[in-house]
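First comes the structure, then the notes that go with it.
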Amino acid sequence: MNIPFTKMHGLGNSYIYIDGFKVNLLEQDLPEIARQASNVHTGIGSDGLIMVLPSEVADVRMRIFNRDGSEAMNCGNGLRCVAKFAYESRYVQQKTFYIEAKSGVVQATVHLDDDQLVESVTVDMGEPILARSTIPMETESGGLFDEVIHEPFRVDGDDYHVTAVSMGNPHAIFFQEQIKDAPLYTLGPKVTNDDRFPEGVNVEFVEVVKHDEINFRVWERGSGITQACGTGACAAVVASSLNGYLERDQEVTVHLDGGDLWITWLGSGSVSMRGPAVTIAQGNLWV
Ligand SMILES: N[C@H](CCC[C@H](N)C(=O)O)C(=O)O
């Protein structure tokens with residue numbers, strides 16, 4: 001089967017985008033296609049695959065599959081690239097429109113360069129989900145509706161403290177004195193599959209630089225270490241505020257391995273994310 005694709009990235013978090021307005025893959029094994037496409041040796045190479053589809057409740061729909069083929073509830077870098085893809089494909093005419101993710105509908109606004117191409121996108125990511133049972137996270141202590149803020153979290157005999165936030169997808173945030181010392185390779189794979197997170201979890205390490213600036217690294221559920229994670233960056237800003245490191249309504253610069261995002265946890269409750277979206281290549285994928 002020959003599938004036209006577009007490879008795009010947000011701060012190096014790349015996905016293979018398939019135009020579901022033109023290609024009908026609904027009968028196909030999307031997790032397997034995602035695994036094949038993501039493989040850097042036998043496929044194209046990416047952090048996963050994203051379908052851009054018609055929606056019955058919004059202007060366009062996003063389905064995201066991680067490198068391992070698992071389908072995720074949300075994807076911040078993916079939403080910005082879907083917005084760019086949909087606007088430049090003329091599936092939407094206005095600069096502000098709505099995207100349906102598995103976790104819900106978000107509002108996106110595209111920002112154009114001199115050539116009328118989308119160079120960056122602002123997404124209203126909606127409100128973070130903080131109650132333990134909806135992250136979801138299961139631990140001996142704490143009530144179902146409690147928030148998980150700086151909670152003791154033992155892994156293989158070592159003691160840590162975790163803050164858990166969902167942006168529609170689950171995130172476990174660990175604060176570090178210095179991000180360069182983050183135990184990404186050791187703690188990442190252990191925590192992402194920890195039984196206390198029954199649906200798995202994206203694992204983030206955060207260093208607070210100052211009241212409006214943090215450093216960030218991520219081990220993603222289903223994809224491993226990536227250059228950036230938009231939902232993770234949003235969760236990290238929320239977690240930093242919950243722990244008293246940052247103020248609400250303050251635009252925070254988040255330094256990720258692949259570059260910077262600008263995130264604000266608005267007083268209204270919503271989290272606003274602004275950042276780039278880039279088209280890398282187009283081609284045909286043989287599966
Ligand atoms: N890279 C994505 C997150 C993918 C989330 C996925 N790893 C999961 O929740 O399983 C982002 O920019 O938000």
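Glycine too: its Cβ is placed from the backbone N, Cα and C atoms.
Quick caveat, the model's predicted, so the values are computed rather than measured.
For the recorded site, C75 (active site), the DSSP three-state label reads coil. Within its own chain, C75 (active site) has Y15, I50, M62, I64, A101, N169, G230, T231 as residues 6 or more apart in sequence whose C-beta sits under 8 angstroms from its own. What TrEMBL records for C75 is active site.
Taken from TrEMBL, the feature active site, proton donor covers C75.
For C229 (active site, proton acceptor), applying a Cβ distance below 8 Å and a minimum sequence separation of six or more within one chain yields N13, G76, N77, N202, E204, V218, E220, L256. C229 (active site, proton acceptor) carries neither a helix nor a strand DSSP state and counts as coil. Under the heading active site, proton acceptor, TrEMBL lists C229.
What TrEMBL lists as substrate binding site is N13, N66, G76, N77, N169, N202, E220, R221, G230, T231. Take the CB of G76 (substrate binding site) and look out to 10 A: across all protein chains shown you find 29 other CB atoms.
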Requested in this report: For the recorded substrate site, enumerate neighbouring residues of the same chain (Cβ within 8 Å of the Cβ centroid of N13, N66, G76, N77, N169, N202, E220, R221, G230, T231, site residues themselves excluded), in sequence order.
Outcome: A72, N74, C75, G78, V218, S223, T226, C229, G232
Query raised in the report: substrate site residues N13, N66, G76, N77, N169, N202, E220, R221, G230, T231: biggest Cα-Cα distance, Å?
Result: 16
Query - Neighbouring C-beta atoms (10 Å sphere around the C-beta of E220 (substrate binding site)) - result: 29
